[in-house]
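Below is one structure, written out as structure tokens, with a few remarks after it.
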Amino acid sequence: MNQAKIAMIGLGVMGKSMVLNLLDRGFNVAGYDINLDNRNRANQEAKSLAKLHGKGLFVTLGSLTQLLASLETPRIIALSVPAGEVVDSVIEELIEAGLEAQDIVIDTGNSLWTDSERRERQYQGKLRFFSTAVSGGEVGARIGPSLMASGDESAWQYVKPFWLAIAAKVDSQGMPVGQFEQGEPCAAYLGPAGAGHYVKMVHNGIEYADMQLICEAYHFMSEVLQLTPVQIGQVFSRWNQGALNSYLMEISAEILQASDPVSGKPFVDVVLDKAEQKGTGLWSSVNALQMGVPAPTIAQAVFARAQSGQKAMRLRAARAFKQQRNHADNIDLETALSNLHDTLFCAKLTVYAQGFDLMKTTSDTEGWALDFANIAKIWRAGCIIRANFLQDITQAYEANPELENLLLAERFIEQIELKSSGWRASTVQAVLHGVPMPAVTSTLSYFDSLCCEVLPANLLQAQRDYFGAHSYSRVDDIEQHRYHLTWSDEKIIQVRV
Ligand code: 6PG
């Protein structure tokens, strides 16, 4: 074939799907994978696609040297390999195979953002290192993912045409459009080195929290309101038509209404309640702790997965504390559901507020100047947390790029004022009936803390000063000097430190 425009190294699920997506858009692609099965599978699927539309050409090569020879210059090579050491070893092999300083290597895996920063420094002068975080899973990669690009800015002009072509698209109202329809692409250059992977990490933190909130609403409906999975699925399906419209709500509605093909029982009832994780939620939580940014719901979602994993201990505790859970009588179903709807809306918005606050703080520290309207924009389609109200978030940041906290945007203040009583009512009901809602309750506490003029941190500072002479500031000292109080039997004395 003519020289390939772009290469993909790693033809597993994500790499192969992105290759097929590139072929759909008419690009000639070269592929490489050390695994022969992966190569064969990619070849076969590319052949079937060629029979369908015959647009792009695909060739797999047997060595990295051949792969480099098959590409136009500057060579553009995307990696879809496991995050971590493999990324570095493939890059080293590419350098040995003859990669040149102008060539571009794009890491599309779920890499740790600090690794991307390190790689940009490490490979300077040897190649142009670029990263692009991909969200949307296998289907997204195949028909339109959300793409968060960052790295060497001079590489973006070369990478851009590919990413804009294969990304998911939205219409002028911010709604996702079909695979081959025209629209605004959900792909953007977000900043230097680690920015793209950082934004994706926070995306995943929000994803963890949003999933946990939906799971807690399901649990509440099942335990407190005694609804069946199918009934809960129908409620979710109805909610998905309105303000709660999102991909995660849509798939939850579908899952809850499905039957297990083996037993015929509701499918969710046969799935073991032990959640697993690959680590991006943990990374977000650790980062929030390190940055001193309150993102309790993201951390809570990680803890909830951890606690679900302690199944044997939970079974013993459930037997030991029999009185803790009771079903509710005399609950008005319509009111309870309406409250729960509002709970999800407020909590979900608050989770996004935590995520954007985290990004804002890191962006300021790293000097990235992240554009939050742009980030909300490229999350409107293709990614796992795509949701109708990302259009509202986009507009909130367009109206005020310096927005201190998402919850302080005019449009959201009004909506939360309207819906927060339902949020409190569901939380109280869950607590009274012993149904755990860790993400919902911690989100409400975050909100209440946010709106609290005086927090009990005054007592906390006094405690720290008491036992450790850590000093405190006074509310009546505008110059903010530091003081220490010495305690003795006779009297207490304040000194300026
Ligand atoms: C995405 C997803 C994707 C992956 C998660 C799953 O945006 O496409 O977030 O990256 O599905 O990493 O994470 P856990 O296995 O940790 O739940």
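Placement of Cβ uses the backbone N, Cα and C atoms for every residue, glycine included.
According to DSSP, K200 (active site, proton acceptor) is assigned to a helical segment. Residue density at K200 (active site, proton acceptor): 26 other Cβ atoms are found within 10 A of its Cβ, drawing on all protein chains shown. Sequence annotations record features per position, and here TrEMBL assigns active site, proton acceptor to K200.
Look at TrEMBL and you will find E207 tagged as active site, proton donor. Residues near E207 (active site, proton donor) in space but far in sequence (CB under 8 A, at least 6 apart, same chain), listed by position: L248, G281, I384, I385.
Annotated substrate binding site per TrEMBL: N110, S135, G136, G137, H203, N204, Y208, K278, R305, R464, H470, in sequence order. Classification of Y208 (substrate binding site) by DSSP places it within a helix.
Mean model confidence of the domain '6-phosphogluconate dehydrogenase C-terminal' (196-488) amounts to 96 (pLDDT, 0 to 100 scale). Taken from TrEMBL, the feature domain '6-phosphogluconate dehydrogenase C-terminal' applies to 196-488.
Between the binding-site residues H203, R305, H470, H203 has the most other Cβ atoms inside 10 Å of its own Cβ, all protein chains included. With a cut-off of under 6 Å between the Cβ and any atom of ligand 1, the recorded positions N110, K200, Y208 reduce to N110. Put simply, K200 (active site, proton acceptor) is 11 Å from G136 (substrate binding site) when counted between their Cα atoms. Spatially close to N110 (substrate binding site) yet at least six residues away along the chain are A83, A133, H197, K200, N204, K278, T280, judged by Cβ distances under 8 angstroms.
Among the listed binding-site residues, namely G136, Y208, the Cβ with the most fellow Cβ atoms inside 10 Å is that of Y208.
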